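Listed in TrEMBL:
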- 62, 92, 95, 180: Fe cation 1 binding site (BINDING)
- 92, 144, 180, 183: Fe cation 2 binding site (BINDING)
């Protein structure tokens, strides 16, 4: 990394630390608050571990999705699907902001794979967008289906555990799950299945991207 850019990032992080009054970790320009208030009464070890895992994997997933849409917009910003991709990206930004807040409130560390998703997500988004509109939409369908499945699995687990105790988190997960499925359906409506890479992307994301790879 260029020394000037690195210095600017460190200065930005320091400024945010002073304003927020918390220690923070800066990964490839993405500032993740490391610690702040209590964990909202999650004293049971099982609940604590579950909460950590859910927030960490969802934060990583939303971070990766943001980078994918950033890559797509870098290529297709001026195309007919530019406004559609921007709309989906704006929703993903809201999702990531919420999980940033949840990480602070519950003192959850981010996955060590954030630097990987920073680069890989952008490359995946830009690479599929270079195949054209259909390629970008095929990527959207594959990624959003995988993220939606993660949310559904987490919702089932929290419902079985204690739906009342996890009520607020469940509401967030259900809302975000619905947004992801909306993106999935949007991709299908815009000819994702016509992309040459459609079957490949579906296979890679549905069978070779287990959520456990984000828990690190």
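Residue positions begin at 1 at the first shown residue.
Every residue, even glycine, has its Cβ placed from backbone N, Cα and C.
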Shortest C-alpha distance to residue 183 (Fe cation 2 binding site) - which of the binding-site residues 62, 92, 95
92
Excluding 92, 144, 180, 183 themselves, the Fe cation 2 site's Cβ centre has within 8 Å the residues 65, 88, 91, 140, 143, 147, 148, 179, 181, 182, 184
Please report the Cα separation of residue 144 (Fe cation 2 binding site) and residue 95 (Fe cation 1 binding site) in Å, rounded to an integer.
13
Taking 10 A as the limit, how many CB atoms besides its own sit near the CB of residue 180 (Fe cation 1 binding site)?
28
Could you name the residues, excluding 62, 92, 95, 180, of the same chain that surround the Fe cation 1 site, i.e. Cβ within 8 Å of the Cβ centre of those residues, in sequence order?
61, 65, 66, 91, 94, 96, 147, 176, 179
Cβ neighbours within 10 Å, counted over all protein chains: which one of the binding-site residues 95, 183 has the most?
183
Suppose we draw a 10 Å sphere around the Cβ of residue 144 (Fe cation 2 binding site). How many other Cβ atoms does it contain, all chains included?
25
If you draw a 10 Å sphere on the Cβ of residue 92 (Fe cation 1 binding site), how many other Cβ atoms land inside?
25
Number of other Cβ atoms within 10 Å of the Cβ of residue 62 (Fe cation 1 binding site) across all protein chains
24
